[in-house]
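Take a look at the structure set out below.
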Amino acid sequence: MSSQQHKFKRPDVSVRDKKLDTLNVQLKKIDTEIGLIRKQIDQHQVNDTTQQERKKLQDKNKEIIKIQADLKTRRSNIHDSIKQLDAQIKRKNNQIEEKLGKKAKFSSTAEAKQRINEIEESIASGDLSLVQEKLLVKEMQSLNKLIKDLVNIEPIRKSVDADKAKINQLKEELNGLNPKDVSNQFEENQQKLNDIHSKTQGVYDKRQTLFNKRAALYKKRDELYSQIRQIRADFDNEFKSFRAKLDKERLKREEEQRLSKLLEQKDVDMGKLQEKLTHAKIPAFTYEIGAIENSLLVLDPTYVKPKKNILPDLSSNALETKPARKVVADDLVLVTPKKDDFVNVAPSKSKKYKKKNQQKNTENEQPASIFNKVDGKFTLEPTLIATLAELDVTVPINSDDVKITVEQLKKKHEELLSKQEEQTKQNIESVEKEIEKLNLDYSNKEQQVKKELEEKRLKEQEESEKDKEN
């Protein structure tokens, strides 16, 4: 941790506190000045009697304003009603004109009946000509129709008269709602308030001056508080950045350590697979084929071991085999080895054992005779018996069996040679798949490590933010 703090400079608390102390001294001075101004404001007060009188006048003004608003509303409603009645009267007069016609000479039934009586008297006198009489009869018919129409429109006329009367009533009410008196009351009341204000103006001016000074001090104090908050915020941000760098460095170091361990383990596992791949590239069945060839050298005097140029620098003469000793199979006797010399267990097929035997067989192109004489008879060496058993080939106990064994060995030799290339390819592909899988597994493990560390970082960040909120 000390090395990290040396690498990342820690914010200096003393520098922050020094700045804050300077601002706190200024704040204390401003608070003292504000307290003095408050006392002065309390000393410059208008007396209670004047305050009460002014309050009464202000309340009276509020009532007058409310009355004026009510008067305005009522007058507006009356004007609206008069407009509606005028519209109704106009509509009703239009209805009357439509029924009577604009050229009607009589507007009442009495006038029409009087004219009918005059016409009847004229006709009854007999002084009229036939044409005059017909005209008067026609006029009388028109008058009778007019009388009917006048009777029908009489309710409309009465309604018009009622509307006119209502309009006159509303106009009288409107004249009664004169706002001038209320306005005069308001002006008188306001004048009294102005007089009180003039008397107390000096006090108010002094108080206003004090209010302005106090507001200026409030503003200056707010600026100091803002500077204090900014200093604290800057320090918190610097410290937060410092902690973030430490956490980032710690997580980075943890990631490097975990990835380093992962890489070391990968190198170990990859080394094993590379060694396995090296063995896989050795032609398949090398041990079995070599064992078969060495067995054939012993069992078949005519057999010539194929030349194999394992090391390109070696001459072909160095790899030539010596003639095998002829097997006399007439009186072969199977000899059971002693426990001290030979254990009757199939030899291990491990790579280590195969490699050891392969090297041994390669170095000894011409094996020593594995036949010994026991009581004047030839016997098989225990190593040959074990090899034939391992190859799953018949162990010869007479001359006929030797031929069978040779045939089986040659057949198995051909089978193994025919499958050698394909099997070698399969062995290599199998190991290469393991290597590919190993690379993929360690790549996934590496991604998992990075993911876990990222989740850890986010979790620590969330916990830090929660602690800060609390």
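Note: Cβ is positioned from N, Cα and C throughout, glycine not excepted.
Owing to the predicted nature of the structure, the values given are computational and were not obtained by experimental measurement.
Annotated coiled coil per Swiss-Prot: 17-178, 237-281, 398-469, in sequence order. Annotated compositional bias 'Basic residues' per Swiss-Prot: 349-358, in sequence order. Residues or ranges marked as phosphothreonine by Swiss-Prot: Thr336. Taken from Swiss-Prot, the feature region 'Disordered' covers 346-368, 447-470.
Along the coiled coil (237-281), the predicted structure has mean pLDDT 89. When DSSP labels each residue, the region 'Disordered' (447-470) comes out as 23 helix, 0 strand, 1 coil, counted as helix, strand and coil in that order. Proximity of distant same-chain residues to the coiled coil (237-281), defined by a Cβ-Cβ separation under 8 Å and at least 6 residues beyond the stretch ends, is recorded for 1, 4-5, 7-11, 351, 424, 427-428, 430-432, 434-435, 438, 442, 445-446, 449-450, 453, 456-457, 460, 464.
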